[in-house]
Amino acid sequence: MLCAKRILKLLFLFFLKAESKEWCKAKFEYGMPDYAECLSDGGDNITKYMIETIPIVSKGVNLYSNVSIVLSNKYGMKTKEIVISNKTEGPLNKIFSMRTDIGYPEFVHVKLNSPNTKWRCKKIIIWKDYKYWIFDCVGALNDNVSEATYFLSGNKLYTAYVKTGNDIEAGTTGTIEIILLGKNKRSNTKILHEGFTSGKLTKIVFQASDVGPLEDIILSNEITNDPWYCDFVKIKSDNKMYLFNVKSWLGSPYEKNIKINIKSNSVDESVKDIDCHVRGNDLIDTNNLPNLLENKIQIFKIRCPQNCQNTEFGSIEGSGVHPSSTSICASAIYDGTLSPSGGELIVTVGNDIKNYYVYEEKYNELKTIEFNTKADETNFLFYTYQLDSIDNIKSNVRIVDTFGKLSSLGRLEIRINNKWGSICKKGMNFTFSDDSAKRACKDLGFPSGIIIKENCGDINGQNYCAGHKYPFNGAGILCSGNEQSLFQCNMDSASNCIDHHDDVIIQCLQYSSSEVNKDGSIRLVDVTGSPSTNGIGRLQIYHNNVFGSICSEGWIKENEIIACKELGYNGIKQGGLSHKVCNNILGDNLCGPDTEHINAVNLTCTGNETSLKKCKYETHDDIYCSHDEDVVIGCAGSDGDASGFDNTTTGMTKNLLKLEKKPIHPKIELTCTDKILSKADLVNANVGSIFIVSCPENCDEDIGTVKGTFLYTYDSNICKAAIHTGALHNNVADDIVIIISHKMNKFIGTKRNNIESHTFNGISKTFAISIPTLYLLKEERKSNPKTQDELEESKNLKKESEFSYSNIFNKKNQTAVNTSMYVQPTFQWIAPLGFTGFNGEEKDYINCTNLPNEKYIKNLSNFTFIIYFTLSGGDYKWRTLLSHSLCEGISISIDEDNELIIEQNCNPNIIKSKFKPQIGIPYHIAVVFNKPSKIISLYINSKKAVLEKGKYNFTLNGDLIIGRSNDTSTDYFIGNIHLVEVYKFILSEEEIKESFNSAISLEYVDINNKGMGSFSSSHTTTGNNTINKNSKSNKKNIRKTVDGRECITSCKSKSVLNKNLLINTEEINLKCEHDLLSHHFNGKIGSEFLVRCVDNCIKSKYIIKGENNLYTPDSSICKAAIHAGVYIPNKQPGAQTNNDTFIIKIVQGLIEYKSARGHFG
């Protein structure tokens, strides 16, 4: 009786379980089972979450705010909003909420719903089914950033050793954050430390996700005008120490975020900040240098400070090229590649030449000497070219701040005879005035400006004076107010300027004095009377046509909060300053002068006002207060406007000055025989000038001569000299940089890269050759978007009628879609209207020979391929998207395993992407090759993919074929290739993203809102064109599985599933001997079975009969699956993969079964 009851109970429980859960065949996703449990019909599965919010207590953070979150997983499933904080109770510590069961939550999307406030938490912990997930709260929420996504935290311990620079200004009070990056993983953003002290080595222990061996770190410093100089960061993990040489300033006005590679081998990564005296061998490890410099050169990027012509400890040896014992920045000034303004340089490193000669001993006020290196020392040489500088602007007027950056507050400088210099306040006849400041600011695009009368050495605690020996360009500029330019004003010569303590400092304002202030308007001024730059200052209110101070009698803390928010700040700083006396605020006397009016007293607010003029206050001509009682406030945040005028109306950003840059000289196309003497632009250039030029291939075969090593005579063949230097490969066309250098009278002959250069004793102007950076090439394209050849070719494109080569069109008016991309492809193919696609047949490919612009992609070194395609079939077949050139060329294909691969033709090594495009979904891919570094990169839908590291050397000098690899192969593509673009340069990540956004606007491809893109299920066919339409009604009927995938069959319970289709939800394990006659498969025609092969049956004795996936019932099922390519056995016995599960279907038998050769022989 007990047994009967137990059996009945078990049957009852099984019946309930079977009826309550349904299953379906789900949309394929790599690594996921074919069948999965369905979400409940008409809604989502519901579960109970507990959310714990751990707040962070910090100045300026208001925890009593309305905040909500949404949980989501990697499949896009998400819950409805959950409130985790409100204005009444603040953060709700532990709350319970019934929401959609999304499985494992991987993202927390948080939203601040309260205006004019700042909110931040430390961690959010999500509990469900006795499991929990911890999410780090990264960054604060405010009006500007009201939403954020938080990622899972980590629990691996890391130890960091952080060295701050020794400079007195190297420390910071900012919060430094760090992100760790491994080969395939990255950590969440972690707070590394709150502030660093100059010269100190700090040990920090923190927790983050396990990212494996470290390759990169990202450092961030968001504080304004308090940058941090980091020397290095060492991170210890798994008993291994990783060293990251940072050597950079971090935080405004420099970059707020920098990425540092452990090898620091990418010149386009963060710049290294160095002192004026730093030598070449102070920066470069010489251990592996001979191998790196064998027949080639290396480049890296540095930034020099201002005034390096006055370096006390710098030494210069050689001219044009220098031994490693030379100071880099000082030698750059001597070579004309750097000015006293400082700037970013590219340092080119080559093999030591032992003898460094000098013809011109003094240049740019600096001296050099000849030098001979010792034979037993490991040395190298270097030379430089300028990458960026504040000198490179069109304006002849500028303002420079204490960091050497362009600003709206700082030292006034003007350019005369192409040299910049400061202005001293007084000359023999004239004194600099407010009218002069207004004129200078108007030249820079500001409505007005004022002169700062305080000494330039201490303005708000910062030194704005230029350094000793920095140039002067004038004195005592006097303007009447009617001039159209600062240079029309009266000015004395600089001969009376004694030192830079009398430099003119001005502040440009975003409003003019003619603008009418209303009574009650407020502003915040510093010790000089100009608008505050740090949020701290004397508060003034406007009354009777004049600004005046406010007496502190009756003043309360709420007033300070309202005043700061009225000026656009986030809140008050350091708990507020209005309770302190004005004569000692952080060492400054901020009390008003006796000549200033006191305009208000007894000002009190309730706390609900939006501006001070809505509060109660007294104002009259005779307020009985002294300026010792002036109100001083401290406001937090970097978005405020102390002037009291809304900076968004003028389009200017406070303290940031952006001036139009000088254009870079257009790229010069050279022949193998060109010399400096044959190009007028080159022969007349000044010392230090640079030019980007393009060389053709095979210039080593030219009969021209080369004289010198690294420094060459003007009558040397340029491109042949570039091969000799190691900046150019002999068998490719590529871009190089020419640097014009000093006259020399001795030139050393050597043999490098199979080119013999000649020794020459005679006077000649010289040039050096280096490698262009991506930044430089991008800036050149900005300055010169099209060459004349490209303009002529684009005219011819409009005449073509066979294909649609025009830009991407808008459906309504067939006009080109306007994108922000300024770069144009060298070659472009767009599938024409009526094109039926690539169907895998013999003629379904495009040979691009003789198509417009195809001649420009015959020889490529650096390149970018853009392909926009949709796969429609061909599983287990090799399908080529495009191929360029034969051996040593490139092919981009989908292999038998449906994986996107890149290969070098005739090379057995294949670059696997680990990406498997799904059928019916359009994808945008970009393949980028950097010739100098020999690195290839892949972007899928604008996201960078992780490829195996390796060096490649593609040689593209043949034809481009789309949809097939060559004229003799059968690897035809099956699907639609909508767009192919070829660029003979490297696109940046921003440009690739814009290309992706442009591509998805193609009119015959319908993209969904997720950006990934998919075709909808409804199709309307007109002629040869298929138009895809979104069908909302159909979408609503699609069921989903609990893991977030769409069902491709209807959802049914286990019992119904087995009864109707005979598909088992758990696989049948098969061995080599099993066939259709086995007891497992006693179903009717049409039945399907989910099976798994547990043996490697390639060499088994069992036979198979049949072809084309149709086999006799006595054939070995596993061996037939191998023959058909459905099942790929694992080589290791007993190992299981996701490839050994498949479905067999019983169908009507054939009269005859033919033999055929299949996979694995």
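For all residues, glycine too, the Cβ spot is worked out from N, Cα and C.
Feature annotations, reproduced from TrEMBL:
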type: SIGNAL; residues: 1-20; note: signal peptide
type: DOMAIN; residues: 156-264; note: domain 'PLAT'
type: DOMAIN; residues: 270-356; note: domain 'LCCL'
type: DOMAIN; residues: 397-509; note: domain 'SRCR'
type: DISULFID; residues: Cys479-Cys489; note: disulfide bond
type: DOMAIN; residues: 522-636; note: domain 'SRCR'
type: DISULFID; residues: Cys605-Cys615; note: disulfide bond
type: DOMAIN; residues: 693-767; note: domain 'LCCL'
type: REGION; residues: 1016-1035; note: region 'Disordered'
type: COMPBIAS; residues: 1020-1031; note: compositional bias 'Low complexity'
type: DOMAIN; residues: 1091-1135; note: domain 'LCCL'
Near the domain 'LCCL' (1091-1135), which same-chain residues lie under 8 Å Cβ to Cβ, leaving out any that are not at least 6 residues past its ends?
876, 896-897, 1067-1077, 1141-1144, 1147, 1149-1150, 1153-1156, 1158-1160
What average pLDDT does the predicted model assign to the domain 'LCCL' (270-356)?
89
Between Cys605 (disulfide bond) and Cys489 (disulfide bond), what is the CA-CA distance rounded to a whole number of Å?
49
What number of additional C-beta atoms lies within 10 angstroms of the C-beta atom of Cys479 (disulfide bond)?
22
Determine, to the nearest whole angstrom, how far the Cα atom of Cys615 (disulfide bond) is from the Cα atom of Cys489 (disulfide bond).
46
Over the span of the domain 'LCCL' (693-767), count residues by DSSP class, listing helix, strand and coil in order.
11 helix, 37 strand, 27 coil
Around Cys489 (disulfide bond), which residues of its chain at least 6 apart sit with Cβ under 8 Å of its Cβ?
Ser436, Arg439, Ile477, Leu478, Cys479, Ser480, Glu483
Flag the pair the domain 'LCCL' (693-767) / the domain 'LCCL' (270-356) as in contact if three or more Cβ pairs fall under 8 Å (sequence separation 6 or more).
yes
Within the domain 'LCCL' (1091-1135), count helix residues (DSSP H, G, I), strand residues (E, B) and coil residues, in that order.
8 helix, 7 strand, 30 coil
Hey, what's the Cβ neighbour count for Cys615 (disulfide bond) at 10 Å?
20
Helix, strand, coil residue numbers for the domain 'PLAT' (156-264) per DSSP?
0 helix, 67 strand, 42 coil
